[in-house]
Amino acid sequence: MMKGSHQQRPLLNPSPRTPGKEELPYTPVNASIDASIPVSSKLYSQSQIEMSVDFVRSPSSSSYSIKEVSFREGNDVIVNPVIRYDSSGSNPVRHGSRGASSGGFGSSYKEIKDDDARLVYVNDPLRTNEKRFRFAGNSIRTSKYSFLTFLPRNLFEQFHRIAYIYFLVIAILNQLPQLAVFGRGASILPLALVLFVTAVKDAYEDFRRHRSDRIENNRVASVLVNGEFGDKKWKDICVGEVVKISGNQTLPCDMVLLSTSDATGVSYVQTTNLDGESNLKTRYAKQETQAKASLWGEIGGMLIKCEKPNRNIYGFQANMEIDGKSISLGPSNIILRGCELKNTDWVIGVVVYAGKETKAMLNNAGAPSKRSRLEKHMNKEIIILSLFLVALCTVVSISHGVWLRQHRKELYLMQFYRKYDYSEPEVEKYEYYGWGMEIFFVFLMSVIVFQVMIPISLYISVELVRIGQAYFMIRDDRMFDKSTNSRFQCRALNINEDLGQIKYVFSDKTGTLTENKMEFQCASIGGVDYDNGKAIDTETGYSAQVDGMVLRPKMMVKIDQDLLHLSKMKHTDEGKHLCDFLVALAACNTIVPLTVETSDPAVKLIEYQGESPDEQALVYAAASYGFMLVERSSGHIVIDIQGERQRFNVLGLHEFDSDRKRMSVIIGCPDQTVKVFVKGADTTMFQVIDKSLNLNMVKATESHLHAYSSKGLRTLVIGMREMSTSEFEQWQSSYDSASTALMGRANLLRKVASNVENNLRLLGASGIEDKLQQGVPEAIESLRTAGIKVWVLTGDKQETAISIGYSSKLLTSQMTQIVINNKSDSCRKSLDDALQLYKKLSDVSNSNDSGNGAGTNQLALIIDGTSLVYILETELEEKLFELSSKCTAVLCCRVAPLQKAGIVALIKNRTDDMTLAIGDGANDVSMIQKADVGIGISGQEGRQAVMASDFSMGQFRFLVPLLLIHGHWNYQRISYMILYNFYRNVVLVFVLFWYALFTGFTLTTAITDWSSVLYTVIYTSLPTIVVGVLDKDLGRSTLLKYPQLYGAGQRGESYNGNLFWFTILDTLWQSIAVFFIPLIAYWDSTVGISALGDLWILAVVILVNVHLAMDVIRWYTITHIAVWGSILATFICVMVIDALPFLPGYWAFFMIAKTKLFWVCLLGIVVSGLVPRFVVKVFVQHFKPDDIQIARVAEKFGYLQGDAETEMNPIFDLPQRTATT
């Protein structure tokens, strides 16, 4: 089967004919067989998903390995090594990258034991919920806080940030009289403001959750009470109660179906709210409970033994005891909370899981939290600044101690340091605590004064900038998918800047690179290749007459005229063979046909709903050749065969599983025969084909399959055989025994399926095209030009994967291909040979091109899942990493979901390069969550990948604008913003430090308390936020035209240790200019210290804002307002503060601002402070420009031609650059 059907869900119930319906004319199956199918026969489809356990002895030790089965269809399945047990039976130990799984299997994959079972007494909630077995109620709560817990819990969560604890300690120290430097209120205000803003945001979000919970819990459902159905709030529903759901209503809890409005027990549900899939799913009530539909008032005595609550929404295992016998229940018999009932009048079920124990609520967890790389680096710099702060405080405190020693004889009468107070008759010690304590107090006071060294506002500013960046990413029309009417979604705001540093992209193929819209292209039937079809429209395509209505398939496919002609020659052997092939396409599936109205009331379209796009394509293909599936019930299907409606009894169905890699259906045909039709991957189908029947046909089909795969088509092999009466009876007995087994049920059912799927007659094979999405080749080429290595991880065959690799430009003719598809020790040899080949190619390239052979020795590694099974389990991981890191492209085929995560971990755990994973299905979730950045494609496979991702979008090609444009901008902006925040705060700290050196190290401050507080809140905060959201170092067209520019982020050119230390040196010089120019100018004057403080704070604000203005590249109106408005706001605030008589420094600003010297000092500070930076900046841009500066100048003057491109770094250069002008 195909991608999208990884959910193993049995969809049918065996039954004879549909009661109460007029029978179609057909010859029934022979009496002996018909008699062997009781009305109450057991569920024949595989009723659960179970992990296949296969012990394999390791070649290098006495240990055994367990293989774990993944969920993927048809060609997409491979086993995955997860856990190794030693022979002594010790606990499992994880090895290497295999620990990358996103979680273990739920209990649905295990067998039910009596101790682990949940007992549910139908329509007896009191007995079900007796004291020792009390289950969760149906009330749900998604909110985090209550009225009483909000304040303590929210504060607890906020103080997980170490910086907040630091500022809290500072604020507490400032409350002590001996350490009071600022006003007590002013010292608390910055932290209180940050905590308050965050708390308000959290409170609003939680209020919305409370409101949603209240609406959900107060919804009403119909519950059976005292023999009658009555309304009951959802929150009051209990496990064991019987609930009735009407059409288009939402399920309030997880229920086992007991009865439906359809006499055969079939119902349809839509699981969009649960897994995002919009296709209808079929669910069934057991015939034993369906028959009791009219006796609900007297119902009793039924007991359900089911597994305990778990997260697996695709698995369910239970048994029901009814009328003294036990029947099995599986995933097709349960409907889950959040599903919506469709195309069914009503269903009745018994609650087995409620509230927080429902599968929907157990899965209500977001993606794991991720932190950006810049944030991690920023924390290192904050630690350095903290050490620097300690050093400054140590210098001040030790200097203060020395000063006290030097002036110890003067301390008796010196103001502030008077040892004794002589103002009272009794002399007392005053304001002095001894030499040692004074040094200690000064150290703590220094920490308080210099606290701004750690920028608390940086956290809030970065969050606001990320929100602004997310807004512009979401509103970018270049990432709007018109086909699905969906925009880019930013689900994780804390890693925007990581998009600008990606080195590896790990991509799924089907649905990510391709559209996952399957189209039937060709078929090999009876050893003949039919591959010259032409598309037809609905006017000329096949149609059927039903009750005066014309039915046509909604989608048409290419028609081969020879094949169409042959399909009408049923009297010939070739015609009969083709008829069996087309019947297999129409019958061997779980497709549900639905009618769609058209503008012509006499014409209706048949739409085939199914979980697999591959199955839909095959059924549409059969319909186009006149084999139209028009009806499906729990026990039969109706196929219109070229105008003649024929009914086929569906006697049994074995769903696809990842061990067998095939599915089969047992059909009672109109010609009194019973046939088993099987389809699946060629790797397993040819194992069960009887090649002795027609060896030439088998060889021809294999040749055609290879040709189809080479074209990039997805292939399936179809076979069949007739079953005798005895064979069918034996199968029926075996199936009944297996389906009711309490232990090992899944393995037993798998064995029953394998026994019937043998000695098949080969019918043929199909080729289905999954077209590439628009712009995929161009996108991959752009990403590779940007220095990003693209890996494609798929479950397809090697030939199919290679073909898609060429068509998507992942592989090129210039690449040297290394193919590894071996097992065991041969993998070691293959890896060694490949490494030797790389060395030889490198030597040849270096000798021929003097080392400038970036593109002449490109390697492409192609490796299959079987090889990865062995490699990821052994020490060969290191060799695989060494080889893959040297390859331009890597293509992994036949890989399982957990192997995808293991491959990501292979790179992530061994290198500092940033990784990005992109996929569209549930099988990509582990890979998406393992990578540094995870992107979900909102495509044909539901929203599991989207819900687990950090970002989501509609098309793979959107990666180009996302990474090359927004990723580049985000990284450049956030990098500059962090360095700028460090700079502006350290400048002020140095000014305060210089002042302390000239005031006896007493730590009195010339700058007012309120100005110190407002410095990071009002004076300098807004400009950096505006620039962080809006500034652009390069335009869109330039970034797209020259993807090499993306390498600046990969090399960390905007944020690194060198830039940090250069910034610190720059702040040192600027602080000297700020402090000493006014000090020298006013040395002999009588200007008060408050006036100088106003001059210093104004000088710092003007300096840092002009510094920012020098670095702004794109000016907007709001940028001007923010930068120059902040300077104006600072003047206004200083004037207001000095105009208040109850604050220190009353009228100081107005006195000093009247003099020319004040304005001359401001001008001199700005000029002298920024001249060195300006000179260095000009020197670097003219004599040692980087790629960004070259492109910016070229863009500015409009001559961005090929000459500029030669200045860019070669694509595969090492991070060190050697560009020259």
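Placed from the backbone N, Cα and C atoms, the Cβ positions cover glycine too.
According to TrEMBL, the compositional bias 'Polar residues' annotation covers 1-10. TrEMBL lists 1-27 with the feature region 'Disordered'. Summarising the annotation, TrEMBL assigns domain 'P-type ATPase N-terminal' to 120-187. Annotation comment: TrEMBL describes 162-180, 186-204, 382-404, 439-465, 982-1007, 1013-1030, 1059-1083, 1089-1108, 1115-1137, 1157-1176 as transmembrane segment. Sequence annotations record features per position, and here TrEMBL assigns Mg(2+) binding site to Asp508, Thr510, Asp920, Asp924. Among the features that TrEMBL reports, ATP binding site is placed at Asp508, Lys509, Thr510, Glu615, Phe656, Lys679, Arg714, Thr794, Gly795, Asp796, Arg894, Lys900, Asn923, Asp924. Feature annotation from TrEMBL assigns active site, 4-aspartylphosphate intermediate to Asp508. The annotation domain 'P-type ATPase C-terminal' is assigned in TrEMBL to 946-1185.
Recorded features from TrEMBL, shown on the structure.
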residue	record	CB count, 10 Å
Asp508	Mg(2+) binding site	30
Thr510	Mg(2+) binding site	33
Phe656	ATP binding site	29
Arg714	ATP binding site	27
Gly795	ATP binding site	31
Arg894	ATP binding site	27
Asp920	Mg(2+) binding site	34
Asn923	ATP binding site	28
Asp924	Mg(2+) binding site	31
Ask   = For the transmembrane segment (1059-1083) against the transmembrane segment (1013-1030), do we get 3 or more Cβ-Cβ pairs below 8 Å once near-sequence pairs (under 6 apart) are dropped?
value = no
Residues from the same chain, set at least six apart from the ends of the transmembrane segment (1115-1137), whose C-beta lies under 8 A from its own = 1008, 1010-1011, 1014, 1018-1020, 1022-1023, 1025-1027, 1030-1031, 1094, 1097-1098, 1101-1102, 1105, 1108-1109, 1143, 1145, 1149-1150
Request  = Using C-alpha positions only, work out which of the binding-site residues Phe656, Arg714, Arg894 is nearest to Thr510 (Mg(2+) binding site).
outcome  = Arg714
Ask   = Within 10 Å of Asp508 (Mg(2+) binding site) (Cα-Cα), which of the binding-site residues Phe656, Arg714, Arg894?
value = none
Inquiry  = Assess whether the transmembrane segment (439-465) lies in contact with the transmembrane segment (1013-1030), where contact requires at least three Cβ pairs under 8 Å among residues 6 or more apart in sequence.
reply    = yes
Query = Do the transmembrane segment (1089-1108) and the transmembrane segment (982-1007) come together with 3 or more C-beta pairs under 8 Å, pairs six or more apart in sequence?
reply = yes
Same-chain residue ranges lying at least 6 outside the transmembrane segment (1013-1030) that approach it to Cβ under 8 Å = 182, 186-187, 189-190, 193, 452, 455-457, 461-462, 464-465, 468-469, 472, 973-974, 976-977, 980-981, 984-985, 988, 1097, 1100-1101, 1104-1105, 1108, 1112, 1114, 1116, 1118-1119, 1122-1123, 1125-1126, 1129-1130, 1133
Confidence summary for the domain 'P-type ATPase N-terminal' (120-187), mean pLDDT rounded = 79
Remark   = Nearest by Cα to Asp924 (Mg(2+) binding site), of the binding-site residues Phe656, Arg714, Gly795, Arg894, is Gly795
Ask   = How far apart, in angstrom, are the most distant Cα atoms among the ATP-binding residues Asp508, Lys509, Thr510, Glu615, Phe656, Lys679, Arg714, Thr794, Gly795, Asp796, Arg894, Lys900, Asn923, Asp924?
value = 26
Message = Roughly how many Å lie between the Cα atoms of Arg894 (ATP binding site) and Asp920 (Mg(2+) binding site), rounded to a whole value?
response = 17
Ask   = If one measures from the C-alpha of Arg714 (ATP binding site) to the C-alpha of Asp920 (Mg(2+) binding site), what distance in angstrom results, rounded to a whole number?
value = 18
Note = Rounded Cα distance in angstrom between Phe656 (ATP binding site) and Asp920 (Mg(2+) binding site) is 21
